[in-house]
Every structure is written in C-alpha cells, then in structure tokens.
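Listed in TrEMBL:
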type	residues	note
TRANSMEM	12-32	transmembrane segment
TRANSMEM	38-63	transmembrane segment
TRANSMEM	159-177	transmembrane segment
TRANSMEM	184-201	transmembrane segment
TRANSMEM	207-225	transmembrane segment
Amino acid sequence: MSTLSHLRKPAALSLPIAAAYLPLGMALGLFVDSSGLAPYWAPIMGATIFAGSMEFVVVALLLQHQTLPAVFLTTLTVNFRHVFYGLSLPVTRLVPFPAKLYGVFALTDETYSVISSRRGKTLDGHQITGLQILTQCWWVGGTAIGALAGSFIPPSVGGFEFALVALFLVLSAEELLSLEHGEVLVYLALAIIVGAAAHLLSGARVFLPVSLCSYVLLLIAHYFARGQYE
C-alpha cells in the first residue's frame, strides 16, 4: 500500500477538524494582529505551542508581562484535561520514539475525539501521526491567514468560535450513539452533576477537573466491579 493511499483515511478524518481549526485559527491570527503583536507570532505559536485556547491566553499573558510561574500555573489550569486524555491515548501504536513525543505534543481535544471515535480506533500509528500533522497544518494555516488578513476583515464579523462547539456536538453525538454499555451514560451524568455541584458550592471554576476526576473514578470502579463478578 502506497504512503498516499495509507494516509487517505486520516486525511478524510481531518476535514471536520479543519472546518473548526481554520476559522478559529483565523480568529487567533486576528487577535494577535489586533493586540499589537507582529503577525508572524500567530503561526509561530501555532507551530510551537499548538494548544488552541491556551494560545489566546498566551497573547494576553505576553501583553501583561506575566512571570514564568504565572504562565505555568495558567497553562496547567487551562490544559488540565489533557492529563485524562493521556490515560487512553494509544501511545504503543506510535513508532518510532519521536512519533510518541510528537503524539503527546500534538494531542488536542479534537484529535483525541477523532482517535477515540469508532472510526479513529482503526487507525494505525502512522495514520495517527499523519492525522496529527494534518490537523496542526490546518491550525497553523488558519492562524497565518487570520494574521495576514487582519486588516481586511471587519471587526463586526463574528461566529468563528462556534465552529469548535459544532464540531464537539457532532463528535459527542456520534460517540454516544455508538456506546455499547448504558452504564457509561449514567456515570457521565453523575460526573456532570458532581462537577456542577462542586462549582456552585465552591464558587470556583472547578467544574471540568471535578467532573473528569469523578468520571475516571466511576469508570475505574466499574472496571473492578465487572472483574469481580465475571
């Protein structure tokens, strides 16, 4: 099988991500340009950071001249969810070792959703790497377009940010429809309730980490319970 035909599937799977990354990347490029930074910083951040929402935060941190510890804590808070992605990332499929390193670096919400989906689970290591490279190219391309076209797009034009919302709605619906165990939906609902309660009671923005921790603990308990009774 030729390399091009082997990458046909990840290329097709990257298209829905491109539909989200291009407009959102353009929004980042516009934000960089309007913040007074040199336009080339947008694609540079896309190539070296590649963390989506964190790149918007980085622009604000640069403008505020924040310290390195502040940047570290902010990054940990914003991207804390990636800790849980790593638990099920098929790192063993990624070869050679540099592909593993790149796989960890280029792990985003969108690529993780695709890799974890029914179609994504059939990808081999080279296809996963190809998918991640393509999605990063879409992102960097979007930031470059936004940075270069910043002066030509009216400020009143909006709606770029909804592209990611639409993508996650479609991916979530597809994944929920393919679930084989109804208990998972119950655990998901319980985790959301616990996260919402923690958020309301504490007044802090702890919904996402608390929900994720609760969901993982419920899945671990479910795994051991099934092993005990089977």
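Any Cβ shown, glycine's included, is placed from N, Cα and C.
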Distant-in-sequence neighbours of the transmembrane segment (207-225), which means Cβ under 8 A and at least six residues beyond its ends: 80-81, 84, 87, 183-184, 187-188, 190-192, 194-196, 198-199
Non-local residues, at least 6 beyond the ends, that sit with Cβ under 8 Å of the transmembrane segment (184-201): 176, 207-208, 210-212, 214-215, 218-219, 222
